[in-house]
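Asker: So TrEMBL has the following annotated:
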type: TRANSMEM; residues: 39-59; note: transmembrane segment
type: DISULFID; residues: Cys128-Cys179; note: disulfide bond
type: DISULFID; residues: Cys139-Cys162; note: disulfide bond
type: DISULFID; residues: Cys145-Cys173; note: disulfide bond
type: CARBOHYD; residues: Asn200; note: N-linked glycosylation site
type: DISULFID; residues: Cys234-Cys246; note: disulfide bond
type: DISULFID; residues: Cys280-Cys289; note: disulfide bond
type: TRANSMEM; residues: 355-381; note: transmembrane segment
type: REGION; residues: 412-436; note: region 'Disordered'
Amino acid sequence: MSESRISLDLRSVCSCVASTLFEYYTPRIVHIKSKKVGFINRFLQLVILSYIIGYVIVYKKGYQEFDTCQSAITTKLKGVVFSNLSHLSDIGVRTWDVADYVIPPQEIGATFVMTNVIPTLNQTQSTCPEDPTIDGSFCIDDSSCPQGKILDKGNGPFTGKCVNSANEKSHVCEIYGWCLVEDDSRYKNMTDPVLFGSHNFTMFIKNNIEFPKFGVRRRNILDLYANDTELSDCRWNRTNALSKYCPIFLLDDIVKDINEDYNHLALQGGVIEVVINWDCNLDFSVDDCLPEYSFKRLDRGDYSISRGFNFRYADYYAVKENDTFKQYRNLYKATGIIFVINVQGKAGKFSIIPLLLNFGSGLALLALTTVICDLIVLYVLKAKKYYREHKYLLVESQESFQILHDDSDQGSHREVKRRHHNPSVGTSYEGHGTDT
Ligand SMILES: Nc1ncnc2c1ncn2[C@@H]1O[C@H](COP(=O)(O)OP(=O)(O)OP(=O)(O)O)[C@@H](O)[C@H]1O
């Protein structure tokens, strides 16, 4: 390659770099007098303004500042059921009251109500036959029951003996543990829960909330009730204007509200969410800040295995036998409904700051109008070529212009060929004049 060729290439690269470095873009206003473009411009502005005012400021309350609530909840159940199940000796004739069926007596944000139970009474530490329904409990002779072995789902270690099962229908290994072991086979085909009638229990939910930012405190016991008796007589009812604020719920009403069958739920157990929603507009009277109740079954689903919800607990006591105390316990396999209570709350109050912020950021969206109109004018309309010629302008420096001017035979001002796109050029649109 010759030396002159190399120096030529170098010069052209340098001039290219210099022309890229030493140039300047400035927007200019192109005033388009077209009904079509003017209409598109105004229409887009109207849409954006409606969004800012209608949706952001009015519908989404963009003129308010907000606070979420802090809350405290307690629940109290009332109701008594009587069970006369003489064929089930563990239960027999019994009255169940709130201390029997609410386990534990108080929980944070939840309440468990026992609706069905399999009791195994008077268990004590001794030897007895293992539960025959447990895999590995059957035996032929003592050699099938290695001493000390504990089955995965067993009730205690084998003593080494093979004995008659509790129903005397088979041979099972003997264990040492809480005897006699639980036998739920008698309860398998029950059609009604043990605590039949629990649908008439009532649950009183006491909820205090606070919106700390606004110093507003509310509770879900409204001033409608003159005294405790009036309060205890009310029952929540979604369809009644006053009763829908009553904080005492019949369990049956809750279950009906979520379209479930109470008996079925009571037999298998389940989890129901109680949502207390406080949606308060503090621009109006604080008395209008009222709770709204809704319910949802959280364990809903058509499950074929491990349906419902149950757990075991025991109460313990000691009996004096031969001058020593022997410990006993009553074991309960409890099935029931867990009520999980969730409080949601949001309060809003007028404030100039969010109003200005929302309005300001909304107005910034108006810049979209120019972008969209530019796209339509420069790339969509029939006269796009014409508009583009007017929008982008390449101007040489005044010095170059002077040289060109001097070289030229004509002394008039000359625009240089347009050849470069500059998207930052400002455009203004007007809805009068003729379309191009
Ligand atoms: N689950 C409920 N069903 C119906 N009434 C209820 C229930 N829980 C409480 N009440 C009644 O609401 C009122 C206010 O209850 P609160 O617990 O504040 O008072 P209390 O005197 O301690 O209630 P009590 O001793 O009757 O349990 C009382 O009259 C009470 O009996």
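Every residue gets a Cβ built from N, Cα and C, even glycine.
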Asker: Compile a sequence-ordered list of residues in the same chain as Cys139 (disulfide bond), six or more apart from it, whose Cβ lies below 8 A from its Cβ; state 'none' when nothing qualifies.
Answerer: Cys145, Cys162, His171, Val172, Cys173
Asker: Considering the disulfide-bonded residues Cys128, Cys145, Cys162, which residue's Cβ sits among the greatest number of other Cβ atoms within 10 Å?
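Answerer: Neighbour-count leader: Cys145.
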Asker: Counting other Cβ atoms within 10 Å of each residue's Cβ, which of the disulfide-bonded residues Cys280, Cys289 comes out lowest?
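Answerer: Lowest Cβ count within 10 Å among the disulfide-bonded residues (Cys280, Cys289) is Cys289.
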Asker: Distance check, please: Cα of Asn200 (N-linked glycosylation site) against Cα of Cys179 (disulfide bond), rounded to an integer number of angstrom.
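Answerer: Each residue's Cα considered, Asn200 (N-linked glycosylation site) and Cys179 (disulfide bond) end up 36 Å apart.
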Asker: Rounded to a whole angstrom, what is the C-alpha distance between Cys128 (disulfide bond) and Cys234 (disulfide bond)?
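Answerer: Pair distance, Cα basis, whole Å: 52 Å.
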Asker: How many whole Å apart are the CA atoms of Cys280 (disulfide bond) and Cys234 (disulfide bond)?
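Answerer: Checking the Cα atoms of Cys280 (disulfide bond) and Cys234 (disulfide bond) gives a distance of 24 Å.
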Asker: Under a criterion of Cβ-Cβ distance under 8 Å and sequence separation of at least 6, what residues of the same chain contact Cys234 (disulfide bond)?
Answerer: Tyr225, Ser243, Cys246, Ile248
Asker: Do you know offhand how many angstrom separate Cys179 (disulfide bond) and Cys289 (disulfide bond) by C-alpha?
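Answerer: Cys179 (disulfide bond) to Cys289 (disulfide bond), Cα-Cα distance: 57 Å.
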Asker: Report, as a single number, how many Cβ atoms besides its own are within 10 Å of the Cβ of Asn200 (N-linked glycosylation site).
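Answerer: So the Cβ neighbour count for Asn200 (N-linked glycosylation site) comes to 12.
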Asker: For Cys139 (disulfide bond), name the DSSP secondary structure in the helix/strand/coil scheme.
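Answerer: Going by the DSSP assignment, Cys139 (disulfide bond) belongs to neither helix nor strand, so it counts as coil.
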Asker: Could you check what DSSP calls Cys173 (disulfide bond) once collapsed to helix, strand or coil?
Answerer: strand
Asker: Highest Cβ count within 10 Å among the disulfide-bonded residues Cys173, Cys179, Cys246: which residue is it?
Answerer: Cys173
